[in-house]
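Peer 1: Right, I'll just put the structure down here and ask away after.
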Amino acid sequence: MASLGANPRRTPQGPRPGAASSGFPSPAPVPGPREAEEEEVEEEEELAEIHLCVLWNSGYLGIAYYDTSDSTIHFMPDAPDHESLKLLQRVLDEINPQSVVTSAKQDENMTRFLGKLASQEHREPKRPEIIFLPSVDFGLEISKQRLLSGNYSFIPDAMTATEKILFLSSIIPFDCLLTVRALGGLLKFLGRRRIGVELEDYNVSVPILGFKKFMLTHLVNIDQDTYSVLQIFKSESHPSVYKVASGLKEGLSLFGILNRCHCKWGEKLLRLWFTRPTHDLGELSSRLDVIQFFLLPQNLDMAQMLHRLLGHIKNVPLILKRMKLSHTKVSDWQVLYKTVYSALGLRDACRSLPQSIQLFRDIAQEFSDDLHHIASLIGKVVDFEGSLAENRFTVLPNIDPEIDEKKRRLMGLPSFLTEVARKELENLDSRIPSCSVIYIPLIGFLLSIPRLPSMVEASDFEINGLDFMFLSEEKLHYRSARTKELDALLGDLHCEIRDQETLLMYQLQCQVLARAAVLTRVLDLASRLDVLLALASAARDYGYSRPRYSPQVLGVRIQNGRHPLMELCARTFVPNSTECGGDKGRVKVITGPNSSGKSIYLKQVGLITFMALVGSFVPAEEAEIGAVDAIFTRIHSCESISLGLSTFMIDLNQVAKAVNNATAQSLVLIDEFGKGTNTVDGLALLAAVLRHWLARGPTCPHIFVATNFLSLVQLQLLPQGPLVQYLTMETCEDGNDLVFFYQVCEGVAKASHASHTAAQAGLPDKLVARGKEVSDLIRSGKPIKPVKDLLKKNQMENCQTLVDKFMKLDLEDPNLDLNVFMSQEVLPAATSIL
């Protein structure tokens, strides 16, 4: 607004910056570029909601889910599933949906499965809501109609109905009947719940920015316990809960050391790859080719430049979603502009790289000229500095002559209003020392004069020829003939400019949304490049090598492998090799003292295999990975009060998963199974489980068992044959000390060396010596004599007396009363002994 002030001598002054009166809301502080960036980062860390729709019929599964983080519907073509619904369980474990939608008319197996899912208290707070919709909502024809009649921003408005059907048919497999019905039911649920648009007008539909297919056919089966014990993921409490929405951060884990992604969507894709390890050799080889290319010394500068560009790739789906809902922020245009220009930089860089690598070829071809069009439109239309200054969308000059003219008139108001105020002051009472003419959007032009001391009551505010409006900050505001004339002449310039610029913004949004498909593809390929650059960076720093994949090799071969986490925490790390291919040594029994490295070796084998199955280089000189379809572990008990299970019961559940599901191509890692119960029972269970697998012959899984049960070998509880191989951790006794070499070699440990471990733990020397003495006596079959220093006075004599009484007892005497004997003879003597 403009204003004019006059001093008591009634001399008009030049214009000064006006301020809105206290009766009107002041504009919000204008965020600078840094604040806008921080605001965007917070948006990117919003927790996503996933809503899953599932149907199961005649042994086939139809699945579709909506992800609010990218406003995309993901679907899986009809896939066969067992009656136990293992495939559905895998999907649930992977995506953790907030709600599961299905038909009220459902198969008994599905009903039982969902009922069990809803009652799993240990899933809190992630337990999904189970929602049953009428079966009519999943009808095939009505589902097709919903899909074809949907309002999708990625489909141009110029498409005819026939072209729209052909376009959607190229994306959605309409021949997969269960999938189509699941998609239709999901759309019905989204429309009924109005996910993401709960507070919008009813004519605003749920934004859907695309359809994506996902497959689970080539995935390697890994359960949550395995992810936990191998430390593939590890969440820790964040020191500042304000930094992360969930209050958690990644701890020391495989994901933590490999995650060097520069954009949030790269990090998200890396996590997805970790949850979906695959044995698809084509996909794995394509990932390794990119990593190997960037590991070449001459390509280091190119990798760094690409990483810098990827740092500007932001959350495009969130921006497109806000455009769809007309909730675009000022910072969104700048973020989108940087993202598109960075994508163009990626395209130009990849065009100079070898096109024999699939990813470079895809980026060079699919980052089309639509990106240039979007960047050019935004760059020519949006006034970034003006938008940040006014905290709203503004356009550059020479876009709309009418807007430019109104802005010129608005900019010329201060000097014009100075002249108007001078004329108004001439007509006012001489007691009024000064006046100003101000402009307030939506209200118009007003005459503002200071409140005089004589103006006490409301009636004193009346001035002839002026209409009193309001009092604010000791200023009286009036409408005069001239201000009314200004309103009629100039109108509400500010609001008119704003309305016209909003219309231009809407037109620009439509242009961007019409090309949403290319932006979505940009994000997919850029995030893939980001992940592979991150894996290449980790491989370079940690000295990883490229694994080989051989479907003919049944197992894993590792030359001088290392534990990827342990080698970062230890000063020195001893590498170990692994050979478990073919029909020999499919069951490896590893014995050795505590702290000799058995558990680390098991985890090392599991982690190297896992890294190879996500397409990463591995910590080994050489690694050859065969056809592995699952990794099962029984290494650590994930205890929880909410489970209501004992430690041993949890161990049994983990082993049961492996026994029931492991195939000839599975890798099974078992550490100290049976220690949670009686020694004899634990040993018997371990032997029974291993004999069960050995009975399968060549179809036995690849099993690594670490145990301290030396009796398993000494008593020959396992059948002899080429399937069993005994390994031990090499050690050496140096006087009273035990030296660990942490090297795996063939053989069997001679002793557990528990006394050395007890001494290292700080137990008193007397206790350690006594324990060793008792152990030697038991092993040699000799009687154990008590320690005299620990006996009470006359304790041995009292024991002998009690034994003599039992020996003299005549059990055949008909007059014998055992109750009297126990109460009068035994109990008093036992009391004195104890």
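Glycine residues also receive a Cβ, built from the backbone N, Cα and C atoms like all the rest.
Take a look at what Swiss-Prot says about it:
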{"type": "REGION", "residues": "1-44", "note": "region 'Disordered'"}
{"type": "BINDING", "residues": "Gly592, Pro593, Asn594, Ser595, Ser596, Gly597, Lys598, Ser599", "note": "ATP binding site"}
Peer 1: Out of these binding-site residues, Gly592, Pro593, Gly597, which one has the fewest other C-beta atoms within 10 Å of its own C-beta?
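Peer 2: Looking at the binding-site residues Gly592, Pro593, Gly597, the Cβ with the fewest others within 10 Å is that of Pro593.
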Peer 1: When DSSP is mapped onto helix/strand/coil, what comes out for Gly597 (ATP binding site)?
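Peer 2: Reduced to three states, the DSSP call for Gly597 (ATP binding site) is coil.
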Peer 1: When the number of other CB atoms within 10 A of each residue's CB is tallied over all shown chains, which of the binding-site residues Asn594, Ser595, Ser596, Ser599 has the maximum?
Peer 2: Ser596
Peer 1: With the ATP site defined by Gly592, Pro593, Asn594, Ser595, Ser596, Gly597, Lys598, Ser599, which remaining residues of that chain have Cβ atoms positioned within 8 Å of the Cβ centroid?
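Peer 2: The surrounding set, listed in chain order, is Ala706, Met729, Phe740.
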Peer 1: Any same-chain residues 6+ apart from Lys598 (ATP binding site) with CB under 8 Å of its CB? Would you list them in sequence order, or say none?
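Peer 2: Set apart from Lys598 (ATP binding site) by at least 6 residues yet with Cβ under 8 Å, we have Ile590, Thr591, Gly592, Asp671, Ala706, Met729.
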